[in-house]
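Over in TrEMBL, the protein carries these features:
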- His172, His237, His308, His514: Fe cation binding site (BINDING)
Amino acid sequence: MSANLCKNAQERPEPVKAEIKGNIPSWLQGTLLRNGPGIFSLGDTSYEHWFDGMALMNSFTFKNGEMTYRSKYLRSDTYRDNMAANRIVVSEMGTMAYPDPSKNLISKVITLFNHTIPDFTDNGASNFIKYGNDYFATSETNYIRKIDPLTLETQDKVDYTKYLPVNLVTSHPHYDKEGNTYNIGTSIAEKGKTKYVLFKVPAVSQKGKGKDALALKSVEIICTVPCRSLLTPSYYHSFGLTDNYIIFIEQPFKLDILKMATAYMRGVNWASCLKFCPDENTLIHLIDRKTGKSTEMKYCTGAMVVYHHVNAFEDDGHVVFDVIAYNDNSLYDMFYMSNLKKNTEFTESGYSKPSYRRFVLPISSDKGVAVGNNMVKLKYTTATAVKEKEGKLVCQAEVLCEGFELPRLNYDVNGKRHRFVYGNCVEESALAKQVAKFDTETKKMVYWNEENCWPSEAVFVPRPNGESEDDGVVLIPVSNSNPGQSGFMLILDGRTFKEVARAYVNGEIHKDVHGLFIPHEN
């Protein structure tokens, strides 16, 4: 399967009706959008890293017990430029593109200048984001591409920098009940300062409420958090949100801006300019959503690398947040094409297994509390927050389980106390062979797996007016490497984790990254 990941996928732009085995619930009406890399080689050039591949969008539409499938390449500027040249000419994070040897000197000088002050790719192959009424394919650069969620047609290219001073933006936003979107980006050396910018995009654009008005035009900056070092901002992939707070982890996994500026000349990729500093603490910023100010209490923990937040909630004067954390930054290296083509389970190359960690941040004043005392008062967790000095707490997480990634939950409980999380089991490898439902109270898991089947991220869809947190279905695209068998959409019961149905697409389903479900009424 690892080798198959490196193969170019075929798009299927026309909708294909799936062959159903079992019964898709009649209430399941909507479209699951999925995004991930799909083209890995072009002409005589190849991407060096799997995440760099050109974006392939997938849609699985459920209606009246049936499912239709289609896939289409994102027609980004990156895609068009690469296709026109029949070679990779746009650099990505893990792949530096160099001009054709036959190009003249002027072309090479222009290319060099473009890489010294990089104009990033618009190859949005990581996820989809909803701003206002619009959907966008996104990676983590300043460019996103508007798409039609029904046809997967590529539409306008949008540059964040026209609305916000940000060079990098996460592909994991949050949404509130009103439909507002919250996200965070990094502003590098703007007016001599590097900072993290937390912002809100209103559900309905206030500036020109017409149908085609871009919601980003009405963006509001909630607050900015100064970076602890001007030229080495932290990398981050997601953040936490509760009713009253934003949780931002400033981890010692950093992007060296000066090294990035010279990467092209040195013949290395931009990813090589990411460095993990194991001797530094991880800072945890707790920000009041109403005031935009960080709490007086300051929090830190040991060095770790976090890509995915699970959830966060408030409880009796504490903010509890769950993350999937690693002890180092080796995960990214697992997905270099040279490693994938070895077809190993990564255990030989030092696979760093993730752990599901729960942190607890006491909010109240520590006045009167002696140095060395634990301020966490919650009885259901062993997480601690020990007073180091006035106004500063050192946090230690409770490890709820190991080898669990791509966490998803019933988003109706996002920001509230949750019990159940769905995700991929990555005990032995970064590539999952099984998915699981994890109970945070009993610490038990139930699993689904099948021989030669490779599940992607599990997305929970709640049943309308459901009776419990796990009343719904879990949708999982599955790559099937059994000879003569198609890829399929797996539908599991959210409560029992038993198979309800599967929908075969009469072809391959390529491994993807992230996605979202759009209910039919939207």
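Sequential numbering from 1, following the chain as shown.
Every residue gets a Cβ built from N, Cα and C, even glycine.
In TrEMBL, annotation is done automatically, which means it is predicted and not curated.
Apart from His172, His237, His308, His514, the Fe cation site neighbourhood in this chain, defined by C-beta within 8 angstroms of the site C-beta centre, holds Ser126, Asn127, Thr170, Ser171, Ser238, Tyr307, His309. Within the set of binding-site residues (His172, His237, His308), the lowest number of other Cβ atoms found within 10 Å of a Cβ is recorded at His237. The Cβ neighbour count for His514 (Fe cation binding site), using a 10 Å radius over every protein chain in view, is 21.
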